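Per Swiss-Prot, the features are:
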type	residues	note
BINDING	40-47, 174-180, 199-203, 268-271, Ala325	GTP binding site
BINDING	Ser47, Thr180	Mg(2+) binding site
DOMAIN	32-353	domain 'G-alpha'
LIPID	Cys3	S-palmitoyl cysteine
LIPID	Cys4	S-palmitoyl cysteine
REGION	35-48	region 'G1 motif'
REGION	172-180	region 'G2 motif'
REGION	195-204	region 'G3 motif'
REGION	264-271	region 'G4 motif'
REGION	323-328	region 'G5 motif'
Amino acid sequence: MACCLSEEAKEQKRINCEIEKELRKAKRDARRELKLLLLGTGESGKSTFIKQMRIIHGTGYSEEDKRGFIKIVYQNIFMAMHSMIRAMDTIKISFEVADNEENAIMIRQVDYETVTTLDSQSVEAILSLWADAGIQECYDRRREYQLTDSAKYYLDAVDRIAEPNYLPTLQDILRVRVPTTGIIEYPFDLDSIIFRMVDVGGQRSERRKWIHCFENVTSIMFLVALSEYDQVLVESDNENRMEESKALFRTIITYPWFQNSSVILFLNKKDLLEEKIMHSHLVDYFPEFDGQKKDAQGAREFILRMFVDLNPDPDKIIYSHFTCATDTENIRFVFAAVKDTILQLNLKEYNLV
C-alpha cells in the first residue's frame, strides 16, 4: 500500500511539475508580446503609421487588397472637391471660368460617401475645377475650412486614377483618408517578439472607447501633426487643433495607467510643416514663438519643446522623433530606433536577456 501511494505521489509530483513548467512558459510567452498604443487627435497620422507597419514588417498589400482601395480613392477625390466647392461659398471666392459653376453643381450632386466610379464626365469637371484660379485660391486658404491633407495629391493625379485599369499604388493607399471608428489592432512579429499595435479613433467621440485598451501597455506612441498649428478642430471651429493635441498629451502622460509605460512622441507631417511655414506664420497662433518666420527647423523644435514641457515628471523621459508617415523609408528608419528603445527598456521584463 505504501509502495502504491509512493508511486501515486511521484506521478502527482510529476504532473504538478509539468503544470508549473507550462504556466512559466505561458507567462514567458505572454511577456514576449509588447502592446503599443497609438494615440493622438484625429488626422494626426495613426492609421497611416499602421499601414506602414504592414508594408515594412507585415505582408504588405496584395493586388486584391489594392483593388479594395479603388472606390475609397474615388471617394477621397469627390470629398476633397465637395469641401472646396462648399468653401468657395463660405469664404466668398468666385470661379474664374463661368462654366465651372455648372461643373460645381454637377460634382455636388455626387454622393461622395457612396460613389464607386469615376466616369469621364466627372473627370472632365474635376480637372476643369482644379485648374480654376478660384479653386486654387480656395485651396491656398484651406486652413479656414476642413480639407484632407491628401486633396492636392489626388487631384494632381486624377488622369492616372481615371485610367480604366487603375490599381492604387502604395502611396495612394497610404494617403487615403478613412476616419478610424472603433479600435484597430495590428500584430506583427519582429525577432520572435510580437508587437501588438493598437490604433484608436482620434476624434473626440471615439476617445471614450479607449478605456479598455489601457491595460498592460508597454509604450504609448503619441502622434502630433506638426502642420496643424493654424487649423481648427473638425468638431469645434473655434478651437485650435494643436492646443487640443497638447491637452490630450498632457492627460495621457499623467494617467495613472501609463506610469510604467514609455512615451514616444512622433511629431508627424514634417513635410507639410515645411510647405506651410513659408506662408502661415507660427507666431500668429503661438505668440510665445520667438524664432524666425519661414524657419521649419525652428518651428518644429519649438513645437517639440511645447509638448515635452507638458511632462510634470522629471524622471520620465519623452522619446521624440520627427516623422513623415507617408514616407516608408523615414518610418522604417524611425521605427527601427523606436524598437531598439522599447526593447532596451524592457530587456528584463520580457526575458530578452
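A Cβ is built for glycine as well, from the same backbone N, Cα and C atoms used for every other residue.
Shown here: features listed in Swiss-Prot, placed on the structure.
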| residue | record | DSSP class |
| --- | --- | --- |
| Gly40 | GTP binding site | coil |
| Ser47 | Mg(2+) binding site | helix |
| Leu174 | GTP binding site | helix |
| Thr180 | Mg(2+) binding site | coil |
| Val200 | GTP binding site | strand |
| Asn268 | GTP binding site | strand |
| Ala325 | GTP binding site | coil |
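In the structure as shown, the Cβ atom of Thr180 (Mg(2+) binding site) sits within 10 Å of 18 other Cβ atoms.
Beyond its flanks by at least six residues, the region 'G1 motif' (35-48) meets 148-149, 174-175, 177-180, 184, 195-203, 206, 210, 213-214, 216-225, 228, 233-234, 241, 244-245, 248, 252, 261, 266, 268-269, 323, 325-326, 342 of its own chain at Cβ-Cβ distances under 8 Å. If you measure from the Cα atom of Ser44 (GTP binding site) to that of Thr180 (Mg(2+) binding site), you get 11 Å. Calculated from their C-alpha atoms, the gap between Val178 (GTP binding site) and Ser47 (Mg(2+) binding site) amounts to 9 Å. The two recorded residues, Leu174 (GTP binding site) and Ser47 (Mg(2+) binding site), have Cα atoms 9 Å apart. Long-range Cβ contacts of the region 'G5 motif' (323-328) within its own chain (Cβ-Cβ under 8 Å, at least 6 residues beyond either end) map to 45, 48-49, 52, 55-56, 170-171, 174-175, 223, 266-271, 334.
A separation of roughly 12 Å, to the nearest angstrom, links the Cα atoms of Ser47 (Mg(2+) binding site) and Asn268 (GTP binding site). Reported as a whole number, the C-alpha separation between Thr180 (Mg(2+) binding site) and Ala325 (GTP binding site) equals 16 Å. Its own atom aside, the Cβ of Gly40 (GTP binding site) has 24 Cβ atoms within 10 angstroms in the protein chains shown. The least crowded of the binding-site residues Leu174, Val178, Val200, Ala325, judged by other CB atoms within 10 A of its own CB, is Val178. Between the binding-site residues Ser44, Ser47, the minimum number of other C-beta atoms within 10 Å of a residue's C-beta occurs at Ser47. Using a 10 Å radius centred on the Cβ of Asn268 (GTP binding site) and all shown protein chains, the other Cβ atoms total 28.
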